[in-house]
Amino acid sequence: MESVLNFLTNINVIFTLLGYLIGGIPFGYALMKIFYGMDITKIGSGGIGATNVLRALQSKGVSNAKQMALLVLILDLFKGMFAVFLSKLFGLDYSLQWMVAIASILGHCYSPFLNFNGGKGVSTIMGSVVLLIPIESLIGLTVWFFVGKVLKISSLASILGVGTATVLIFFVPYMHIPDSVNILKEVGTQTPMVLIFIFTLIKHAGNIFNLLAGKEKKVL
C-alpha cells in the first residue's frame, strides 16, 4: 500500500497525469455543444479538432465557422503548451517535460472526458513541443500554416508540419543553441519527437491513403 501511495504522490506521476487531463479538455466538443447544440463526435470524421469543427459548421451554413475553428485550434494548441509550461514552472527534468507533452497529446486523442475518443492531436502536438524545441517547432508551425493556407489540405499540412519539426531535430541540436532547448544534449536522443511523428502518421493513416488516391478533401 505504501509503495502505491508513493507512486501516486510522485511529482513526475502527478504532472504526467495532469498533462493527460489538461490535454483531454475537449474544447471543440464543448464549444460546439454550448454554442450550436451539435455533437461534433457524431459529425464528419468524429474528430474534435479544428478541421472537423470547420467542416461541420460550414455544412450548416454558419457564418462564423472559420472564426470558431480558429478558436478551437488556438485552445488545443495552448492546452499542450500550458501542460508543458507547468512542468517547467515546477522544475521537472527536461526528459520528464517530454513525458508531460506526450501525455497531453494522448489526452487530446483519447480524452477521458469523451470515453477516450478525441482528435488527431496536431494542434496539441505543436503546442506541447514549442517550449521544448522552439526553433524546430516554430519552423514546423510555419510549414503547417503555409501548406494549409496554400493547398488547403489539412492532413497534408499537419503531416508536413510535424514532419518538418522532426527532421530538424537531427540538425538544429548541433547548432549553437541553449542546452535547455537542445533535445540531444538534455535527453541524448531524438526518440520522443520521432515517436510523436510516427503517432501522427498512424492517426492520419486514412488521410494518407486518401491523399495517395487523390481523394482527400480540401478545407475551404
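Cβ from N, Cα, C; glycine included.
The annotation transmembrane segment is assigned in Swiss-Prot to 11-31 (among others) on the grounds of sequence analysis.
Taken from Swiss-Prot, the feature transmembrane segment applies to 70-90 (among others), supported by sequence analysis.
Here Swiss-Prot flags 96-116 (among others) as transmembrane segment, drawing on sequence analysis.
Per Swiss-Prot, the feature transmembrane segment maps to 127-147 (among others). Within the same chain, residues 23, 76-85, 88, 94, 97-98, 100-102, 104-105, 153, 156-158, 160-166, 168-169, 172, 177, 181, 183, 193, 196 sit at least 6 positions outside the transmembrane segment (127-147) and bring their C-beta atoms closer than 8 Å to a C-beta of that stretch.
Here the transmembrane segment (153-173) has Cβ contacts under 8 Å with residues 51, 120, 122, 125-126, 129, 133, 135-137, 139-141, 143-147, 182-185, 190, 193-194, 196-197, 200-201, 204, 207-208, 210-211, 216, 218-219 of the same chain, all six or more residues outside its ends. What Swiss-Prot records for 153-173 (among others) is transmembrane segment.
Panel annotation: around the transmembrane segment (193-213), residues 101-102, 105, 109, 120-122, 125, 129, 133, 136, 153, 155-156, 158-159, 162-163, 165-166, 169, 183 of the same chain, lying at least six beyond its termini, place a Cβ under 8 Å from a Cβ of the stretch. Annotated transmembrane segment per Swiss-Prot: 193-213 (among others), in sequence order.
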